[in-house]
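Below you'll find the structure, written out as structure tokens, and then a few comments.
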Amino acid sequence: MTEQKTITQITEKIDGARETERQIAFMEKAAGYVQELSEKLGRKPTCCVVTFGCQMNARDSEKLSGILEKVGYELVEREEADFVIYNTCTVRDNANQRVYGRLGYLNGLKKKNPHMKIALCGCMMQEPAVIEKIRKSYRFVDLIFGTHNIYKFAELLTAMFESDGMIVDIWKDTDQIVEDLPVERKYPFKSGINIMFGCNNFCSYCIVPYVRGRERSRNPKDIIREIEKLSGDGVKEIMLLGQNVNSYGKNLDMPITFAQLLREVEKIDGIERIRFMTSHPKDLSDELIQVMKESKKICRHLHLPLQSGSTEILTKMNRRYTKEQYLALVEKIRREIPDMAITTDIIVGFPGETRADVDETIDVINKVQYDNAFTFIYSKRSGTPAAAMEQVPEEEVKENFARVLETVQQTAKKRAALLQGQTHSALVEDVNDQDPELLTGRLSNNMIVHFKGEKDLIGQIVPVCLKECHGFYYLGERV
Ligand code: 5AD
Ligand code: SF4
């Protein structure tokens, strides 16, 4: 039987700068182990980071990749690698099931490659039942850590090389924010930046507050410094990340609002586009609307999760706004900034939701005319208040889901058609997957345009005429 070692939490409060130094020392140590492995293999060891879930996880994966690159791994996209990390999500159960399914596949690969190591991290690992299951049924996993101690990755990596059992290091929560660790960005011209971690809202269906812990805002000086550095490296577009950016800064020693932070970010030379995610409707201030309106850099896209259009369901969801308040907010935003694209998240099948409740949601969709919406079937997350409520039969949920989806697609199509024939600037992100003659660019409103152009335009912002609207994307021509 493999030894199962658990490192318990370091309770002593650590000073951030000293912790950065400590981790850099671990990187050097880990680099030594990777070098040894490299000599054994006769080549550079490869590593693959697979990301499930949201933008926060994508950013965390860039942090993991930065450290892996630093210690000497070659980053690859395929899972036939010497080290595979799954950065997991647990917001809905299907994300968990996908991880278990793919772990079986990894086990097969590990049997063929005796040097292979497997690590699991991210939100799913913050659930005790998951850890128990992996310990019991997936014993080939080498390292498990959670969302709070990701900054310790270099240290955990070293421990993994020094042990031949499973290492599990999960913390319940942390108040720690460690700055200045290496990051390997996926795109050279755009980047996400965490401005806060955790969530205090406790929407009754949501597991995030349990797995990401209490809300902690980063110091504005650290955020600005990071963005200045990114700008110096050629980044043009940034996305400020937080579970609820509208409550940014409230708990800092010197409180500052999100709108004030945006004003500071706007001043940074070289940054041409600013995005942010996610905005809770209950905390969206007039000050923020004003800043967005006056800004030359903030993109014309606001993601404003509705979840449900029924006030009764919203109350049970603990969202703390009514249908009417949400609609009034949207009206105010559209009045002040008419070209603002608004997108949303909707859950169908929350406990107790009736056909009439779904009609209310459809009514909101028709009134708001969303540019896009992510529609989810409610997923029961154990430990959340909604899990104990009476669930809606599956058939009913499916039917309502189809009705909501159809409405959303109609409004999105209508909104997209409005821009046909106009010229807008697009940040060129990539060569088109299907047609290498085409480039793919992103508009300020977050829509995609494909147009003919040379690869060297990637990373530039260019004007494109939106010739044909194809529902969710445009075919365009460079002007
Ligand atoms: N079931 C379905 N969807 C959920 N979301 C969060 N928790 C659940 C759940 N239990 C959705 C919400 C949120 C988005 C990120 O995921 O719509 O805005
Ligand atoms: Fe979950 Fe609500 Fe927090 Fe969003 S605001 S992460 S839905 S608890």
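Just so you know, glycine gets a Cβ as well, placed from its N, Cα and C.
Feature annotations, courtesy of TrEMBL:
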type    : residues               : note
BINDING : Cys54, Cys89, Cys123   : [4Fe-4S] cluster 1 binding site
BINDING : Cys199, Cys203, Cys206 : [4Fe-4S] cluster 2 binding site
DOMAIN  : 45-162                 : domain 'MTTase N-terminal'
DOMAIN  : 185-415                : domain 'Radical SAM core'
DOMAIN  : 417-479                : domain 'TRAM'
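Positions of the features from TrEMBL, shown on the structure.
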| residue | record | CB count, 10 Å |
| --- | --- | --- |
| Cys54 | [4Fe-4S] cluster 1 binding site | 17 |
| Cys89 | [4Fe-4S] cluster 1 binding site | 23 |
| Cys123 | [4Fe-4S] cluster 1 binding site | 27 |
| Cys199 | [4Fe-4S] cluster 2 binding site | 22 |
| Cys203 | [4Fe-4S] cluster 2 binding site | 21 |
| Cys206 | [4Fe-4S] cluster 2 binding site | 21 |
Whole-number answer please: how many Å between the C-alpha atoms of Cys123 ([4Fe-4S] cluster 1 binding site) and Cys199 ([4Fe-4S] cluster 2 binding site)?
13
So which other residues, same chain and not among Cys54, Cys89, Cys123, have a Cβ within 8 Å of the centroid of the Cβ atoms at the [4Fe-4S] cluster 1 site?
Phe52, Gly53, Met56, Asn57, Thr88, Thr90, Val91, Ala95, Gly122, Met124, Val208
Checking the binding-site residues Cys54, Cys89, Cys123: which ones have Cβ within under 6 Å of ligand 2?
none
Given Cys89, Cys123, Cys199, Cys203, Cys206 as the binding-site residues, which ones have a Cβ positioned under 6 Å from some atom of ligand 1?
Cys206
List the Cα distance (Å, whole number) between Cys199 ([4Fe-4S] cluster 2 binding site) and Cys89 ([4Fe-4S] cluster 1 binding site).
15
DSSP residue counts for the domain 'MTTase N-terminal' (45-162), split into helix, strand and coil:
63 helix, 23 strand, 32 coil
Would you list, in sequence order, the residues of this chain other than Cys199, Cys203, Cys206 that have their CB within 8 A of the centroid of the site's CB atoms, where the site is the one recorded for [4Fe-4S] cluster 2?
Asn201, Phe202, Tyr205, Ile207, Val208, Pro209, Gln243
Round to a whole number and give the Cα-to-Cα distance in Å for the pair Cys203 ([4Fe-4S] cluster 2 binding site) and Cys54 ([4Fe-4S] cluster 1 binding site).
17
DSSP on the domain 'TRAM' (417-479): how many residues come out helix, how many strand, how many coil?
4 helix, 35 strand, 24 coil
Local confidence of the prediction over the domain 'MTTase N-terminal' (45-162), expressed as mean pLDDT:
96
